[in-house]
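Chemist: So TrEMBL says this about it:
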type	residues	note
TRANSMEM	20-43	transmembrane segment
TRANSMEM	55-75	transmembrane segment
TRANSMEM	87-111	transmembrane segment
TRANSMEM	123-144	transmembrane segment
TRANSMEM	156-175	transmembrane segment
TRANSMEM	204-232	transmembrane segment
TRANSMEM	238-261	transmembrane segment
TRANSMEM	268-284	transmembrane segment
TRANSMEM	290-306	transmembrane segment
TRANSMEM	345-364	transmembrane segment
TRANSMEM	376-396	transmembrane segment
Amino acid sequence: MISLYLMFFYTDVMGLPAYYVGLMFLVTRLVDGVADVLMGLVIDNTATRWGRCRPWLLIGALPFGLLCILAFYVPDFGTTGKLLYAFITYLCLSFLYTLVNIPFCAMLPFLTSDSAERTTLSAVRILLGSLGATIVAVATLPLVGMLGKGDQQQGFLYTAVIFGVLAAFFLLVSFRNVEEKIILSGERMTLKRAWISLRANRPWWIFASNIFLMWGAFFFQTGALVYFFHYYVGNTELTAVIAGISTFVPLLGTLSVPLLARRMKKRHVYLVASAVNLLGMGMMMLSGTYALGLIVGAVILSLGAGQRTAIYFSMQADPVDYGVWKTGINTAGILTSINGFLGKVAMAGAGAITGALLSSGGYIANQAQSDSALLAIKACYLYIPALLILASMLWMGRFYRLDDQYEQIRADLDAGRGASPAPATGESPAM
């Protein structure tokens with residue numbers, strides 16, 4: 001609800017100027033990116049009877065649910081007061097999302113050391129997350145209309161109450177029922193010690209570099225989707241169809257990932273999924289404005305995207321084990337948080353480049369577009385994402401080799417043959 005409707009709520013319901021809303025989003029993302037990294041450091045220094053990650057779900061659940069509600073409340077202030085209220089509540093909401101989301105994402109290496117189980121858990125997580133996103137996307141506006149009875153302020157607030165309560169409830173359910181089985185030493189983590197581990201973690205550097213390519217392609221497409229079908233295809237109704245496909249079909253792709261991962265290495269699953277995704281883009285390029293061709297292409301594209309996302313989150317846990325094996329230092333929290341930060345950089349970059357290309361192409365809102373503007377729109381939706389996915393396939397296929405030694409790494413760690421913990425003084429381990 002937040003990612004889909006909050007900006008619309010600010011501009012069209014709360015009545016805030018779009019320029020200041022955009023500026024508020026930019027500033028908040030920059031601050032939140034720093035918070036991501038700090039939260040990762042906090043996780044790596046957490047040691048409780050509940051583990052490292054679970055306590056933060058308990059701590060953040062109720063405040064996060066409350067801020068979800070407050071963010072969709074319209075105070076009886078002037079424009080300046082509303083802007084200040086929106087900024088404070090959105091900033092607090094972003095911090096609380098970091099407080100629960102980074103531990104949630106970082107938890108996988110602590111749940112199991114089995115690579116196949118990690119892939120299955122990652123697939124289930126993506127499956128249920130996408131299902132939840134689909135429900136929210138479909139249900140929000142009907143709920144706003146039903147609960148508000150013509151009053152959008154009331155409708156959005158009551159809808160936010162429902163989703164805020166559900167968010168807090170499911171976070172508490174996760175805390176109650178998840179168990180961190182991989183117990184680590186409680187050695188204090190510092191930025192210097194984290195850097196020692198990350199510097200020696202070549203697989204993570206390769207994986208992290210790919211984040212810009214993979215997520216850059218995703219954010220280019222999501223940002224340009226409405227423009228492509230509204231202006232290039234000229235079929236506004238098709239926008240909702242493709243948006244639904246983009247949300248639902250990845251669920252089907254996710255279901256196939258555990259089966260694929262049992263028959264091939266994770267890197268190969270990633271490459272196969274990316275190839276399917278690229279095939280869908282190619283079909284959409286060749287379809288022009290032909291609706292059926294675009295729909296079939298979108299289904300293929302989304303199937304590959306779902307597979308790739310599921311295996312991505314499974315692969316994300318493996319460099320953590322490599323770091324422990326290589327240096328004796330576990331950086332699950334800070335590694336996950338940096339990955340999240342890089343994803344936000346990719347999102348910001350894709351948005352900025354999309355805006356620049358549309359502007360340079362002569363895009364004018366709510367008018368028939370020039371050929372150059374239409375080319376810019378198609379480039380952002382299909383050409384650039386296709387090039388980024390192709391580059392991602394070449395990068396991961398050529399350089400990512402952790403799969404080849406992972407079984408031995410896991411066996412060494414299980415047998416206690418990993419590296420001894422690096423000294424807390426910051427002395428670099430042998431390379």
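Note that Cβ sites are derived from N, Cα and C of the backbone, with glycine treated the same way.
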Chemist: Taking the transmembrane segment (123-144) as the first stretch and the transmembrane segment (87-111) as the second, find out whether 3 or more Cβ pairs fall under 8 Å, excluding pairs closer than 6 in sequence.
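Modeler: Output no: the transmembrane segment (123-144) is apart from the transmembrane segment (87-111).
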Chemist: Are the transmembrane segment (204-232) and the transmembrane segment (376-396) close enough to be called in contact, which here means at least 3 C-beta pairs under 8 A that are separated by 6 or more residues?
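Modeler: Yes, these stretches are in contact.
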Chemist: For the transmembrane segment (156-175), what are the same-chain contacts with Cβ under 8 Å, counting residues 6+ beyond its ends?
Modeler: 1, 5, 9, 13, 50, 54-55, 57-58, 60-62, 64-69, 71-74, 100, 104, 136, 140, 143-144, 147-148
Chemist: Give residue numbers and ranges for long-range contacts of the transmembrane segment (345-364): same chain, 6 or more residues beyond its ends, CB-CB under 8 A.
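Modeler: Hits for the transmembrane segment (345-364): 26, 29, 33, 211-212, 215-216, 219-220, 223-224, 227, 370, 372-377, 379-380, 384.
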Chemist: When you scan the chain for residues with a C-beta under 8 Å from the transmembrane segment (376-396), skipping those not six or more beyond its ends, what do you find?
Modeler: 206, 209-210, 213-214, 216-218, 220-221, 223-225, 227-228, 231-232, 267, 270-271, 274-275, 277-278, 281-282, 284-285, 353-354, 357-358, 360-361, 363, 369
